[in-house]
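Annotated features in TrEMBL:
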COILED    197-224  coiled coil
TRANSMEM  20-38  transmembrane segment
TRANSMEM  50-69  transmembrane segment
TRANSMEM  89-110  transmembrane segment
TRANSMEM  122-142  transmembrane segment
TRANSMEM  162-187  transmembrane segment
TRANSMEM  226-245  transmembrane segment
TRANSMEM  257-276  transmembrane segment
Amino acid sequence: MAVPPSLVIASNINLVINPIGMAFASLVLLSIIGLGLINKNLTTRMTVRLVAVIAFTDLLAHVGEYYAASNLSLVVGTPVCTGVNGFRLFARTFYCCINLAICFHLYRSLVLLKKSTWKSEIFIWIATSVAVVTITLYYWGIGAMEGVKGRGRCTPGVGNKSLNAAFTAVQGSVNLFTMVIGILTIVSCRRNLNKWINVFSSTLTEHEDNLDQLIQERRKMAVRSFLYPLSTCITLPFEAIFLILTAAEAYPFNMSIPMNLTLGLAGILTAAAFAIDPSTHKSFKSAYSQIKYGNSNKKDNVGNFGVDNNDIAL
């Protein structure tokens, strides 16, 4: 079976955009690691650790898509092809699940007004791991990693039409579910933002200077944290539609072009959200000050904004 021209164009897009995504995802990951090495207090927020993992999943997804696009000669059914397909499915599943995890964390903090604890964090990591492993094992169990020989190219899929329809429907549904949860989380958190700000205000000490500025900065930090789940509304829609239509045997090959373009933006979008996060700016300023002046004995107030331990930090 000849490869449709639109898929060739989409493959070429992958060759261009994914290395860029890799670079930006790596930059975020290395930045967070660097901040942690300078002062571990700069990376104590749960959101920072989740963003680090999001950047890591971005990197995995970009590597998988780039490798597949640069090795179109891989033979379906061979161990290498199966391994590449498995890696791509794992990376995309991991990406969706970690974005669901940050949605849960934001909802728990901003709507339920609960502080992040080691117990809650461990629960989030375990739940995310179980979800990723379960979905990936499902793909492996139905043979989606082996590919379809009739396609003439190494891509995830099942030779049996019914099983392939189930596979693509599940994959598309996971994408769709991730987007919907992201939107609902943003709406819910935005509605409850004032209550969260009030809780923050009650923790401010009376002698604290620039109270209005502190409150404004905290509000800005919360609003910009919404950009992480919002990014899935850019990266996943075309793939979700593509997969759901494929499950219905519509095969919208032309949609592979915008699909690869948006998926390739994952690392860039994560880096953009990280770059405009006020807490990121404070962390880098604190790290610079610590390196330049050697004030390692001073307590780092990054992310604390002069509050006590009753504050519900993100």
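Cβ coordinates are placed from backbone N, Cα and C, and glycine is handled just like the others.
Between the transmembrane segment (50-69) and the transmembrane segment (257-276) there are at least 3 Cβ pairs closer than 8 Å, counting only pairs 6 or more residues apart in sequence, which means the two stretches are in contact.
Sequence-distant residue pairs (6 or more apart) of the transmembrane segment (20-38) and the transmembrane segment (226-245) include fewer than 3 whose Cβ atoms are under 8 Å, leaving the two stretches without contact. Taking the coiled coil (197-224) as a whole, pLDDT averages 80 in the prediction.
Outside the transmembrane segment (226-245) by six or more residues, the chain places 50-51, 54, 96, 99, 102-103, 106, 168-169, 171-173, 175-176, 178-179, 181-183, 185-186, 189-190, 251-252, 255-256, 258-259, 262-263, 265-266, 269-270, 272-273, 276 with a CB less than 8 A from a CB of the stretch.
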